[in-house]
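> Okay, so TrEMBL annotates it like this:
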type: REGION; residues: 357-380; note: region 'Disordered'
type: COMPBIAS; residues: 358-370; note: compositional bias 'Polar residues'
type: COMPBIAS; residues: 371-380; note: compositional bias 'Acidic residues'
type: DOMAIN; residues: 414-491; note: domain 'Recombination activating protein 2 PHD'
type: BINDING; residues: Cys419, Cys423, His455, Cys458; note: Zn(2+) 1 binding site
type: BINDING; residues: Cys446, His452, Cys478, His481; note: Zn(2+) 2 binding site
Amino acid sequence: MSLQMVTVSNNIALIQPGFSLMNFDGQVFFFGQKGWPKRSCPTGVFHLDVKHNHVKLKPTIFSKDSCYLPPLRYPATCTFKGSLESEKHQYIIHGGKTPNNEVSDKIYVMSIVCKNNKKVTFRCTEKDLVGDVPEARYGHSINVVYSRGKSMGVLFGGRSYMPSTHRTTEKWNSVADCLPRVFLVDFEFGCATSYILPELQDGLSFHVSIAKNDTIYILGGHSLANNIRPANLYRIRVDLPLGSPAVNCTVLPGGISVSSAILTQTNNDEFVIVGGYQLENQKRMICNIISLEDNKIEIREMETPDWTPDIKHSKIWFGSNMGNGTVFLGIPGDNKQVVSEGFYFYMLKCAEDDTNEEQTTFTNSQTSTEDPGDSTPFEDSEEFCFSAEANSFDGDDEFDTYNEDDEEDESETGYWITCCPTCDVDINTWVPFYSTELNKPAMIYCSHGDGHWVHAQCMDLAERTLIHLSAGSNKYYCNEHVEIARALHTPQRVLPLKKPPMKSLHKKGSGKILTPAKKSFLRRLFD
């Protein structure tokens, strides 16, 4: 095992606890930053380009027929193939937390539709489910099993917010374990069925799950109700005959107590467990090898990497599997320094670089810990899940020659600007305010001078006013310029009032109309 520190050159603030990594044909993609996507990458999915211990995030795009994918944190992810022999795969994403800190119950399917030397185009579709639809959750696992030529998704564990009937003002954001049910999900027909197994008594979150053929192994995890990390080891088998599926569970000995561990696959039947926590305030520095052979599972300790002092003394750590036995780790930066990075990152290689073996086992694990600002260190409610992929991380082809300098300077233009002295729109904390907003703040163009953009919320616009101003070519002036704009208005021309003509004074017998000058002269004469 080798540990190497890496540097992130751009968009480092996006990599925070809660992200996931997806591996497509050896290319790794970052997903799920905290906050809504940047204008430079509205999809929120970046290519994680690693060269010479240097990481660069490069934007990707979605196809026109894709649905919107929010940057979910702590979701359950796994790969899905049509069959074990299929080479192409897609990712299944379920649950997770939205930027509004709500829990999602949606399921998305991610696949690549176009790839060239400069960019990758993804297609994202939302899958509707019927039947026993799993409730919204995070910190759970989803895997795919294959039996009798058919496939089925298996969803288990996680936690969610308490039901509204049990929530109080003081405990509005309290979470609870989801019921220990096993859900089978048919991705082809969109059907979900739940099963209650007597061996599964307590809810579990942030466990490790490994799927091979028709079997799933559930290892470790955290029970919020009991606040324990039991040394669990369950084997769940799914049989898919022509009729109803058969699901059974067996409790196995030899489990380990761990939560939020990262799982990576080193060869066809071997995996490595890295990181996680063994107690609420104690990281688990031990690494384990898991071997699957002849329908048997064996767990043993292995030699640990040479952890750096920063990793040893950090209170939290987080990360994800990059594929082919490589793990991406992050720890908080040193706040004692005058200028400190938010997080420092490492790459841990658990396998040789030349490993390139066809693997038919897919894994899923829940990893990492707190979400800064939302919880205290080691609180499992803020742990999140990742899937371990078996694809090779090696790649000689140059991917994407994206140049950052080509992007607009968003400090001067774009949605992520400071539009007024009281503007508090932040790329990392912004949430939708108007129903018309999808993934960007609503903006209005101020017509003063050369014009400039302002955030509708900062101008305190009512939604009806926002829609009215956006519908036509109406001129709008922001709060700072509305008085100036009024002063620049040309006064409206006022027509003179029509006065009835005065009665004409006639000189007796002349028949002529006296002019005003003559009238004045006559008045002075007779006075």
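The backbone N, Cα and C atoms fix where each Cβ goes, glycine too.
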> I need the neighbours of the Zn(2+) 2 site defined by Cys446, His452, Cys478, His481. Which other residues of that chain put their C-beta within 8 angstroms of the C-beta centroid, in sequence order?
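My list of surrounding residues reads Tyr445, Ser447, His448, Gly449, Gly451, Val454, Tyr476, Tyr477, Glu480.
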> Rounded to the nearest angstrom, how far is the Cα of His455 (Zn(2+) 1 binding site) from the Cα of Cys478 (Zn(2+) 2 binding site)?
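Rounded to the nearest whole number, the Cα-Cα distance is 9 Å.
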> How long is the line from the C-alpha of Cys458 (Zn(2+) 1 binding site) to the C-alpha of His481 (Zn(2+) 2 binding site), rounded to the nearest angstrom?
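About 14 Å separate the Cα atoms of these two residues.
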> By DSSP, how many residues in the domain 'Recombination activating protein 2 PHD' (414-491) are helix, how many strand, and how many coil?
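Helix/strand/coil tally for the domain 'Recombination activating protein 2 PHD' (414-491): 16 helix, 9 strand, 53 coil.
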> List nothing but the one residue from His452, His455 whose Cβ has the fewest other Cβ atoms within 10 Å; the candidates are the binding-site residues.
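Lowest Cβ count within 10 Å among the binding-site residues (His452, His455) is His452.
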> List nothing but the one residue from Cys419, Cys423, Cys458 whose Cβ has the fewest other Cβ atoms within 10 Å; the candidates are the binding-site residues.
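Cys423, out of the binding-site residues Cys419, Cys423, Cys458, has the fewest neighbouring Cβ atoms within 10 Å.
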> Go through Cys446, Cys478, the listed binding-site residues, and name the one with the sparsest Cβ surroundings, counting other Cβ atoms within 10 Å.
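Counting other Cβ atoms within 10 Å of each of the binding-site residues Cys446, Cys478, the minimum falls on Cys478.
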> Given a separation of at least six residues and a C-beta threshold under 8 Å, show me what packs close to His481 (Zn(2+) 2 binding site) in the same chain.
Cys446, His448, Gly449
> Excluding Cys419, Cys423, His455, Cys458 themselves, which residues in that chain have a Cβ inside 8 Å of the centre of the Cβ atoms defining the Zn(2+) 1 site?
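Other same-chain residues with Cβ inside the cutoff are Ile417, Thr418, Cys420, Thr422, Asp424, Val425, Pro441, Val454, Gln457, Met459.
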> To the nearest whole angstrom, what is the C-alpha distance linking Cys423 (Zn(2+) 1 binding site) and His452 (Zn(2+) 2 binding site)?
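That separation, Cα to Cα, works out to 14 Å.
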